[in-house]
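K.L.:
Okay, these came from TrEMBL:
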- Ser6, His64, Gly140, Phe141, Gly142, Gly143, Asp173, Gly174, Gly175, Gly195, Ser196: substrate binding site (BINDING)
- His31, Asp33, His64, Asp173: divalent metal cation binding site (BINDING)
- Asp33: active site, proton acceptor (ACT_SITE)
- Asp173: active site, proton donor (ACT_SITE)
Amino acid sequence: MKLAPSIYTADFARLGEQVRAAEEAGADWMHLDVMDGALVPNITFGPAVCEAVRRSTLLPCEAHLMVQAPERFFQDYKAAGMQRITVHVEACPHLYSTIQALRKLDLQVGVALNPLTPLNAVEDALPLVDLVLIMSVEPGFGGQAYIPSATQRLQRMREMLNAVNPNAELEVDGGVNVHTIRDVRDAGASIAVVGSAVYSPNHSVAEGIAALRRALRGEL
Ligand code: DX5
Ligand code: ZN
């Protein structure tokens, strides 16, 4: 299972150091939570911070755009060096064009669903995407509790993907920690976004990632 630390709960006063710590600890992707205060009730950062993170690591970076009308910003996040952009289906009434716009920029395409958005909202898009992101918290904040119904949604989405696009990644985001990571892996998630399980005042980044790996091996 790949781990994608979310920098949202990192110490922004030493962001480059925190990103390098995740890379050294064996993370697979960096997950950058862009929030606009409109689609979600919080504001985080934009392309400039994403570009700074990109400069701090050799890991591939994905921008999770929790923003209205995300197509306005695709060029900016491409220029910032993102390899994948994940948009929210709830913010994309013209999803076919949105996907085309990402393809034109040679960006990997992710589509995210909030915890109660019906899975069939993206059913016809599945053959066209590289990744589906199942939110296991309401987007907007780190450190929230995992919503248990996400596990079954992951299972169902994995089955849907296996039928039409078996190589697509299935990512889970929100409340993934040492207690929930085996469930989401067993439900079919191939990438876990991990925020407060990695970036926390209670342990180092290395300890956080090592604990997740131990949990995946059933050693916790
Ligand atoms: C929430 C973000 C998540 C969040 C993850 O809107 O999309 O990536 O930062 O943080 P944890 O892992 O602490 O739930
Ligand atoms: Zn996220």
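Glycine is no exception: its Cβ is also placed from the backbone N, Cα and C atoms.
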K.L.:
Using all protein chains in view, find how many other C-beta atoms are within 10 Å of the C-beta of Asp33 (divalent metal cation binding site).
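P.N.:
Asp33 (divalent metal cation binding site): 23 neighbouring Cβ atoms within 10 Å.
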K.L.:
Consider only the binding-site residues Asp33, His64, Gly140, Asp173: which of them have a Cβ under 6 Å from an atom of ligand 2? Write none if no residue does.
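P.N.:
With ligand 2 as the reference and 6 Å as the Cβ limit, the list reads Asp33, His64, Asp173.
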K.L.:
Of the binding-site residues listed here (His31, Asp33, His64), which is spatially closest to Gly140 (substrate binding site) when Cα positions are compared?
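P.N.:
The smallest Cα gap between Gly140 (substrate binding site) and any of the binding-site residues is with Asp33.
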K.L.:
To the nearest whole angstrom, what is the C-alpha distance linking Ser6 (substrate binding site) and Asp33 (divalent metal cation binding site)?
P.N.:
7
K.L.:
If the divalent metal cation site is taken as the center of the Cβ atoms of His31, Asp33, His64, Asp173, which further residues of that chain fall within 8 Å of it by their Cβ?
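P.N.:
In sequence order, the nearby non-listed residues are Ala4, Ser6, Tyr8, Leu32, Glu62, Met66, Thr86, Leu133, Val193, Gly195.
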K.L.:
What's the CA-CA gap between Ser196 (substrate binding site) and His31 (divalent metal cation binding site) in angstrom, rounded?
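P.N.:
Roughly 13 Å, rounded to the nearest whole number.
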K.L.:
Which one is it: of the binding-site residues His31, Asp33, His64, whose Cα lies the shortest distance from the Cα of Gly142 (substrate binding site)?
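P.N.:
For Gly142 (substrate binding site), the closest Cα among His31, Asp33, His64 is found at Asp33.
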K.L.:
In terms of DSSP three-state secondary structure, what is the assignment for Asp33 (divalent metal cation binding site)?
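P.N.:
Where Asp33 (divalent metal cation binding site) sits, the three-state DSSP reduction gives strand.
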